[in-house]
Amino acid sequence: MGIFGGNSGNAPSSEDKKSIFMKQIRQELAVAQAGELISKINENCFDKCIPEPGSTFDPNEKSCVSKCMERYMDAWNIVSRTYISRMQREQKNLN
């Protein structure tokens, strides 16, 4: 028995390796998607709401950016939920 109570001689099963690999892929995908979301929000909301950048935001610009970000986040969440739901259905159909 190993130091922490497990069998130190047992290598992870192929299912364990697959599970670990899939978890890593999901995490990397989530990070990439978050980066893409932030990039799109910056690109589109900034261009739309701040046509002439200055040293400070005026209240209208702040409000516009805030609303734009909320819309992007809402749309992103809807698309993500729909995609996940579809992937889960397809996974069930394969099994």
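Cβ atoms are placed via backbone N, Cα and C, with glycine included.
Noted in Swiss-Prot for the protein shown:
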- CYS45-CYS68: disulfide bond (DISULFID)
- 45-68: motif 'Twin CX3C motif' (MOTIF)
- CYS49-CYS64: disulfide bond (DISULFID)
For this session: Express the distance between the Cα positions of CYS68 (disulfide bond) and CYS49 (disulfide bond) as a whole number of Å.
Result: 8
Exercise. Long-range same-chain neighbours of CYS49 (disulfide bond), Cβ under 8 Å, sequence gap at least 6?
Worked result: GLU61, CYS64, VAL65, CYS68
Problem set entry | Neighbouring C-beta atoms (10 Å sphere around the C-beta of CYS64 (disulfide bond)) | 17
Seminar exercise, completed: In DSSP terms, the motif 'Twin CX3C motif' (45-68) comprises 15 helix, 0 strand, 9 coil
Exercise. Within 10 angstroms of the C-beta of CYS45 (disulfide bond), what count of other C-beta atoms is obtained when all protein chains are considered?
Worked result: 19
